[in-house]
Amino acid sequence: MAVERTLSIIKPDATKRNLTGKINAKFEDAGLRIVAQKRIKLTKEQAGVFYEVHKERPFYDELCAFMASEPVVVQVLEGEGAIAKNREVMGATNPADAAPGTVRAEFAESVGENSVHGSDAPETAAAEIAYFFSGLELVG
Ligand code: UDP
Ligand code: MG
């Protein structure tokens, strides 16, 4: 399997509860390397562009407001099959369906406030990484 990079976001519900380190430990324990990371506060508009694919969904406004409510930690994770591996570590979108030991099973508060984002395919990973990081910030 090829070495990949994926975009991860530790969401406001998790940064607020001081869970960044615990979540990062799960990534690292799974063999994912954090090759770039920064804590930023998104505007609702910036969150809206990031989640544009969900624009027509009923939860879009609430999701954008939530993502702008507190700081987030955006990060690039690298490893063998990193995109799928990260989705595995994250667990299902709804924490009620997330497998035991996953980030969302342990930490998510609801289907909306579910602690982490992870890219879902190589094309979205490349676009999402480029949305937050310049080439100069990706040192490997
Ligand atoms: N979301 C929500 N209600 C839903 C489905 C999704 O609030 O019924 C939010 C949730 O924060 C989720 C994000 O929208 O993480 C993006 O949804 P997606 O289906 O892409 O889930 P993910 O890829 O994050 O597992
Ligand atoms: Mg998604």
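Glycine residues also receive a Cβ, built from the backbone N, Cα and C atoms like all the rest.
Here's what TrEMBL has on this protein:
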type	residues	note
ACT_SITE	H117	active site, pros-phosphohistidine intermediate
BINDING	K11, F59, R87, T93, R104, N114	ATP binding site
DOMAIN	3-140	domain 'Nucleoside diphosphate kinase-like'
Measure from each Cβ of the binding-site residues F59, R87, T93, R104, N114 to the atoms of ligand 1 and list the residues where some distance is under 6 Å.
F59, T93, N114
According to DSSP, which of helix, strand or coil covers N114 (ATP binding site)?
coil
Residue among the recorded positions K11, R87, R104, H117 whose Cβ has the most other Cβ atoms within 10 Å:
K11
Counting Cβ atoms within 10 Å across all protein chains shown, which of the binding-site residues T93, N114 comes out on top?
N114
Once the chains shown are all counted, how many other Cβ atoms turn up within 10 Å of the Cβ of F59 (ATP binding site)?
12
Along the domain 'Nucleoside diphosphate kinase-like' (3-140), what average pLDDT does this model show?
98
According to DSSP, how is the domain 'Nucleoside diphosphate kinase-like' (3-140) divided among helix, strand and coil residues?
64 helix, 28 strand, 46 coil
Could you tell me the maximum Cα-Cα distance in Å between the residues recorded as binding ATP, namely K11, F59, R87, T93, R104, N114, rounded to a whole number?
21
